[in-house]
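Working notes for the structure below.
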Amino acid sequence: MNSENFSISEKIVSASYIRQGLQARRSHEQLIRLLLEQGKCPEEGWSESTVELFLNELAVMDSNNFLGNCGVGEREGRVASSLVARRHYRLIHGIGRSGDIAAIQPKAAGSSLLNKLTNSVVLDVLRMAGALRLLDICLYPFRSGLFKSWPSILCAQSESPVVVENLLEGDELRTDLEAVERKIQELGAESVLCVHSTTSCFAPRVPDRLEELSVMCAKYDIPHIVNNAYGVQSSKCMHLIQQGARAGRIDAFVQSLDKNFMVPVGGAIIAGFSEPFIQEISRMYPGRASASPSLDVLITLLTLGANGYKKLLKERKEMYTHLAKEVRKLAEGHGERLLNTTHNPISLAMSLDSLEVRNPDAVTQLGSMMFTRQVSGARVVPLGGEQVIGGHTFRGFMSHSESYPCPYLNVASAIGITHGDVALCMRRLDKCLRSLRKGVGPEEAGPEDTCTEPSLVE
């Protein structure tokens, strides 16, 4: 209610009580005012009541919620289900206009304001996470998986990307800088559309040598795009981007909303160090876009606040050390080892050599057994896989190498992981490995398959 309605209310209920309610309302409004003035993630998270008050006030600014609105077009924010309307806080019109996802939508002042604020808050959080030189971002309603995650050179004369094989250094797969430069010289720098590199990736691959690649791109005047899919949660990945932009050339880097901010799948952030370049990208989006990803991430960041998000980042890093310790202990108990991939700050890999020796099919069986035991995210990579993507044949598919020395299993310490997740995963993995060692396959072993030997992790 506005101040006039509060004054009228004093004639109905005791004025002292109404003033108390007005004071409470103003405390919510003060938080909203600071957000509008600063465009930054609040230090402390908001209560659900503040978030809902803010979203409801945005919603009444959209034409589909105007009292007496008369819509005669084909896109008027009509929703058949009230449940769907409530799920989206009645913010139905979406964001942007045809040809520019960042443009103001005339029918939806509230949704447009939400979009601008979300971009501003996310920009603030990315700077907080380590990209200090960052100038602009644009949030898109599609996944970062649309951006290929293998090290490649996109060439104007080629129908498919030119893929550069990684180098094996110890257990790690790292960028072959000499091969990248040779390929640029072979193709001709003027014909290369861009170099595409990656920070966050599955071990045993580790983040690309971003600073050196950035210097190379600046030297040859070639655009450089980085897939930072789940790298926002890693200070190491963000530092690599910061250093690359400082020393050379990074035109844009892309990251997922779901992987970094714990929201539903469906959104990505394109960020860069040139405002005109990011704005030009936003003008390439075909038509109006869904506001759902923007709504989800704004609600999440307002609820967490900057301090809450920093706490999650700190806990994730601590869990990485704990997970590595537990995987190493389990691996050694089964005659395997934790692969030495210290340059990868999120993903870990455990060899499956002895399993492969006993039974070549046991590696893929392990993946099946883990899945049926409700362990999600663990990724088993056998030897010899092959897949054609974008016109390129990947031998050793999923292993980032044509001939990695051993099969392995991946796990990751991603934002939100808990000690309970780690303990349960290790217990179930231990039982699966014991079952396979005894020759029990995925069909014979029940969901709670046990053996008489004591568990290595209990």
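Cβ coordinates come from backbone N, Cα and C, glycine included.
Unlike curated entries, TrEMBL annotations are predicted automatically.
Now, the feature entries from TrEMBL:
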BINDING   ARG75  pyridoxal 5'-phosphate binding site
BINDING   ARG97, SER98, GLN105, ARG288  substrate binding site
BINDING   ARG246, ARG373, LYS438  tRNA binding site
MOD_RES   LYS259  N6-(pyridoxal phosphate)lysine
REGION    439-458  region 'Disordered'
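Shown here: features listed in TrEMBL, placed on the structure.
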residue	record	CB count, 10 Å
ARG75	pyridoxal 5'-phosphate binding site	12
ARG97	substrate binding site	18
SER98	substrate binding site	10
GLN105	substrate binding site	20
ARG246	tRNA binding site	13
LYS259	N6-(pyridoxal phosphate)lysine	23
ARG288	substrate binding site	21
ARG373	tRNA binding site	21
LYS438	tRNA binding site	12
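Pairwise Cα distances among ARG97, SER98, GLN105, ARG288, which the record gives as the binders of substrate, peak at 10 Å. The two recorded residues SER98 (substrate binding site) and ARG373 (tRNA binding site) have their Cα atoms spaced 46 Å from each other. For the tRNA site listed in the record, the two most distant Cα atoms among ARG246, ARG373, LYS438 lie 55 Å apart. Note: the CA-CA distance between ARG246 (tRNA binding site) and ARG97 (substrate binding site) rounds to 34 Å. In this structure, the CA atom of ARG373 (tRNA binding site) is 46 Å away from the CA atom of ARG97 (substrate binding site). Neighbouring residues of the recorded substrate site, listed in sequence order and excluding ARG97, SER98, GLN105, ARG288, comprise GLY94, ILE95, GLY96, GLY99, ASP100, ALA103, GLY287, ALA289 (Cβ within 8 Å of the Cβ centroid). Across the structure, GLN105 (substrate binding site) and ARG75 (pyridoxal 5'-phosphate binding site) are spaced 12 Å apart at their Cα atoms.
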